[in-house]
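Listed in TrEMBL:
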DOMAIN    107-520  domain 'Amino acid transporter transmembrane'
TRANSMEM  110-128  transmembrane segment
TRANSMEM  140-162  transmembrane segment
TRANSMEM  190-211  transmembrane segment
TRANSMEM  231-248  transmembrane segment
TRANSMEM  260-279  transmembrane segment
TRANSMEM  299-316  transmembrane segment
TRANSMEM  347-367  transmembrane segment
TRANSMEM  392-413  transmembrane segment
TRANSMEM  434-455  transmembrane segment
TRANSMEM  461-482  transmembrane segment
TRANSMEM  494-520  transmembrane segment
Amino acid sequence: MEDITSTATTSPIPMSSRPSQLLMDSKVEVVSAPPMQTQYNSPSLSRKPLLNPIETPNALAVNNATPNPSHHTPNFFTPIGSPLRRAIQLTRLDPQDAWLPITESRNGNAYYAAFHTLCSGIGIQALVLPVSFTVLGWRWGIICLTIAFIWQLYTLWLLIYLHESTETGMRYSRYLQLFSATFGEKMGKLFAVFPIFYLSGGNCVALIIVGGSSMKLFFEILCGHGCTAKPLTTVEWYLVFTCAAVVLSQMPNLNSIAGVSLIGAITAIGYSTIMWLVAVTEGRLDGVSYDPIREDNNTAMIFSFFNAIGIIAFAFRGHNLILEIQATMPSNEKKLSRVPMWRGTKVAYLIIASCLFPLAIGGYWAYGHKIPADGGMLTAIYQYHGKDTSQFVLALTSLFVIINAVSSFQIYGMPMFDDIESKYTKRKNKPMPWWLRAASRALFGFSCFFFGVAIPFLGSIAGLVGGIAIPITFAYPCFMWLKIKKPKKYSIMWYLNWVLGVWGMVLSVILIASGIYIIIDTGIQVSFFKPS
C-alpha cells in the first residue's frame, strides 16, 4: 500500500479537508506527526528497550483500523527522535521516571555534571596511591597510573555516548539498565548487580568508617592534649556521622544535591592538596628508600605487583554513577545530553588528575617505603607531622575529610535510594510518599552504620572486593560498545575495545586472586563489632 507520507505530499486535496477525506477513503486513524525537536525517553525499569509501541501510520493503513476516540495520545506519550522520520515510533514514556530520585528532575547542565563527577571521582581511595609505588617503584608506578587514568577516561567517553541512542531514541539512565538491555537481564543479575551495588553501598559503609574516625580525630585536635572532656567512643562517632548523612540524604533527587556535590568536590581538592603540600614542604623522612619492596619468592612478588595495580585501578571509581549523572540532563535529537556531559567530565577529570598525580608522586617522594599501608597519606600526615605541623592545618584537613565524606555519601547513596523506591513504584504504581521515602533512606543509612560497626576491617578486604568491581570501570563499557555500536570488524575501534575489554576481565581475575593470596599470606585482623 502506498505510504501515507508520500500520499499526503502528492495529494491534490486541500490541507484543511485532507484528514476527513483520508478517513472516508481508507478509514485510517489520524496520528499527529512528531514535532521536529523530540525529547528522548528512558526505558522502563523492567529494562525492556521499548514500551507499548504505538502503530505508525503505515501500520495503521495496513490494518485498515477504524477511528476510535479512546486511541488519542495521552499526555505521557512523547515521540522518539530518529533520523529516519518515516520509521519513527511513538513510545510510552515510563511514568516511574518522574517518580524516582535519579530521573525526577532533568534540568541538569555541564556544571552540575562537573560537580557530581568531581565529588564521586576524588575520594579516600586516592590517599593510598603512594602505597602502590612502594611495590611498583617510580617508573612502573607512574606508567601504571597514567595508563589507568587514560583507560578509565576512555571508558567514561564510551558510557556517555552509550547513554542515549539516536537510532531508537532510548535513554539508559542507570548503568544496570544499559548492561541488562545489552546482554539481557539474566547476565545483568549475574555479572553487574553485585559490583554496582557494592560500589554504591560499600562506599557508603567505608565513608561512615572514615568520616566517623575523622570526626574523632578532629575533636581530639580541637580539644588538645590537656582536654578533660570525656570523648565519645569510635562507635558513637560513627553514629554522629551517620545521623548527619541521613539528615542530608532527605534531599529529593540527584539534581537537588548539586550544591552538596560542589562542596564535597571543593573539600576533596582541599584535603588532597593540603596533604601533598605538607608532605613536600616538610621534606623527605630520614632513611627513605625508593627501592621497590621485594618478596621472598616469585609467587608472592607477582601477587604483590598485581595488588599494587589493583590499588591504582580502584582509585578510579565512580563509573557506576556516570549514566545516572547524565540522566539529570535534558536531551533531544538536536541537543544531545552527551555534549554538556562530556564537557563537564573533561573539566572534572582535569582537576582530578591535578589532585591524584601530586598525591601519588609527592607522597611517595616524601615517605618512600615508610608510607603507612593502612590509610596512606591520611595516616602519614598525623603520624609523621602531627607535632611539627600547625594544628590549624591538621584540623582543617580532618574537617575537609568529614565534609567530603558526608557529601560523597549522598551521591553514592542515590542509586540505592533509586533502587529502593523503584520497587515501591513498580508494585504500587504511584510515587513513594514523602514519609516513607524519608524512612527508607534513614533505614539505608543506619544499615550502613551497622555494617561499619560489625565489619570494621572492611578496608582490609577492599582490594579483594575491588577486583570484582574493576570490570564496571575498565571492561564492561568496551563490551557494551561492541554489542551496541557494532564497529567494523578488524577496525581500530573493534581491536581497541576487544583488547581493553579482555584485559579488564583478566585484570579483575588476577586482582581477586592476588587479594585472596595476600589475605591468606599476611592474615587479616577480624574484629567483628570492635572498631578501633
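Just so it is clear, glycine is given a Cβ too, placed from its N, Cα and C backbone atoms.
Listed by sequence, the residues of this chain that lie at least six past the ends of the transmembrane segment (110-128) yet keep a Cβ under 8 A from its Cβ atoms are 203, 206-207, 210, 254-255, 258-262, 264-265, 268-269, 272, 275, 311, 314-318, 321-322, 325-326, 328-329, 340-341, 343-345, 347-349, 351-352, 355-356, 359, 373, 375-378, 401, 404-405, 407-408, 411-412, 462. Of the ranges 140-162, 190-211, 299-316, 392-413, 494-520, the one with the most Cβ pairs under 8 Å to the transmembrane segment (434-455) is 190-211.
Most Cβ pairs under 8 Å to the transmembrane segment (140-162), among the stretches 190-211, 231-248, 494-520, belong to 494-520. Each of 231-248, 260-279, 347-367, 494-520 was scored by its Cβ pairs under 8 Å to the transmembrane segment (299-316), and the highest score goes to 494-520. A Cβ distance under 8 Å defines the sequence-distant neighbours of the transmembrane segment (347-367), meaning residues of its chain 6+ beyond its ends; these are 110, 113-114, 117-118, 121-122, 126-127, 129-130, 132-134, 138, 141-142, 145, 149, 153, 156, 265, 268-269, 272-273, 275-277, 279-280, 282-285, 288, 290, 315, 376-377, 380, 384.
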